[in-house]
Amino acid sequence: MSSSRSDSSKPYYATSSLVIGYALCSSLLAVINKFAITYFNYPGLLTALQYLTSAVGVWLLGKLGFLHHDAFAWDTAKKFLPAALVFYLAIFTNTNLLRHANVDTFIVFRSLTPLLVAVADTVFRGQPRPSRLTFLSLLVILAGAVGYVANDSAFTLTAYSWALAYLVTITTEMVYIKHMVSTLELNTWGLVYYNNLLSLMIAPLFWFLTGEHKEVFTAVNANGGDVFEPVAFFAVALSCVFGFLISFFGFAARKAISATAFTVTGVVNKFLTVVINVVIWDKHATPFGLVCLLVTICGGVGYQQSVTVAKKPTNGPSKASNNADKGDDELMELIPGKVATNV
């Protein structure tokens with residue numbers, strides 16, 4: 001009896017650990033990236049270094065036998081390329097948003113994604129519509145975001161242009177990559193390897209299109225061949241390490257939970273980001289802006305509470321149905337509180 005309970009609890013704790021790992025990395029990475037872009041003002045090169053660290057890290061650990069990842073194949077790469085492009089655009093707009101705005105502005109626009117992802121999942125993936133209470137929670141998120149924007153004293157057209165671009169790309173990325181994770185036969189480390197390696201291949205194109213290569217070459221010539229100062233080196237190295245960690249936890253969590261639940265997890269854990277951001281420096285919103293920001297987080301918590309239901313037992317589902325809904329079913333079985341997907 002006890003052995004059965006122990007076996008059944010293993011996937012529960014495994015999935016919980018993945019979600020917690022993703023939440024911690026996501027909470028810290030926003031502040032770390034802002035720290036990095038403040039002292040190393042080259043967003044294209046910064047993200048390329050993060051992709052390089054993650055791709056080489058997975059390859060090296062695979063060679064040493066610490067992990068297993070799917071071997072690189074061009075046929076699979078061609079199928080994954082659109083997802084990698086969407087992922088790259090999401091990170092590219094995210095980094096430029098942090099370059100021109102504070103972390104709180106990033107969090108507010110990140111907080112809007114559950115509402116858009118829920119709509120996109122219903123329209124494009126044929127998932128059930130959110131319940132009224134769930135939709136109300138998502139509207140609370142929207143209300144908090146509107147209040148923040150209306151009282152943002154640091155509003156600039158450039159920052160909010162990047163914010164809107166980020167909102168569009170991250171919503172597309174959340175839904176589309178969930179689809180790719182569900183259809184491609186790749187393990188978690190294989191997804192990390194393909195995603196970062198293909199993103200690294202895409203990076204030079206945007207590096208030259210934005211003209212950032214000229215800024216880097218100018219800085220290198222001005223500093224005698226050295227583009228890194230000690231603080232900048234530490235900031236970039238730290239962002240690369242956390243970029244590698246969130247690559248794993250992000251894809252592992254995507255495989256275990258639904259797109260909207262994954263997105264909401266990213267919203268709720270931003271509470272820790274807000275606390276850290278307020279404590280370490282003055283690059284944050286006004287007190288009223290912080291209140292509005294907390295409203296969006298409360299909306300995320302309300303969303304999670306509104307979709308907490310017990311999973312109904314089923315009698316012998318078909319194999320095809322079981323495979324199609326595997327990611328969403330795992331969420332109800334393994335996440336604390338048996339959170340239903342509602343997407």
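Note: Cβ is positioned from N, Cα and C throughout, glycine not excepted.
Residues or ranges marked as transmembrane segment in TrEMBL: 12-36 (among others).
Per TrEMBL, domain 'Sugar phosphate transporter' is recorded for 24-303.
Summarising the annotation, TrEMBL assigns transmembrane segment to 48-68 (among others).
Within the chain, the transmembrane segment (80-99) has long-range Cβ neighbours (under 8 A, six or more residues past its boundaries) at 30, 33-34, 37, 41, 43-44, 46-47, 50, 105-106, 109, 159, 162-163, 165-166, 169-170, 172-173, 176-177, 180, 184, 186, 194-195, 198-199, 202-203, 206. Among the features that TrEMBL reports, transmembrane segment is placed at 80-99 (among others).
TrEMBL lists 133-151 (among others) with the feature transmembrane segment.
Sequence annotations record features per position, and here TrEMBL assigns transmembrane segment to 157-177 (among others).
The transmembrane segment annotation in TrEMBL covers 189-210 (among others).
What TrEMBL lists as transmembrane segment is 230-252 (among others).
Taken from TrEMBL, the feature transmembrane segment covers 259-280 (among others).
The transmembrane segment feature in TrEMBL is assigned to 286-303 (among others).
Within the model, the domain 'Sugar phosphate transporter' (24-303) shows a mean pLDDT value of 80, rounded to a whole number. Cβ atoms under 8 Å from those of the transmembrane segment (230-252) belong to residues 18, 21-22, 25-26, 28-29, 32-33, 35-36, 38-40, 46, 49-54, 57, 181, 188-189, 191-192, 195-196 of the same chain, restricted to positions at least 6 beyond its ends.
Sequence-remote contacts of a segment are chain residues at least 6 beyond its ends whose Cβ falls under 8 Å from one of its Cβ atoms, and for the transmembrane segment (157-177) they are 82-83, 86-87, 89-90, 93-94, 96-97, 99-101, 105-106, 109-110, 112-113, 116-117, 120-121, 124-125, 149, 254, 259, 262-263.
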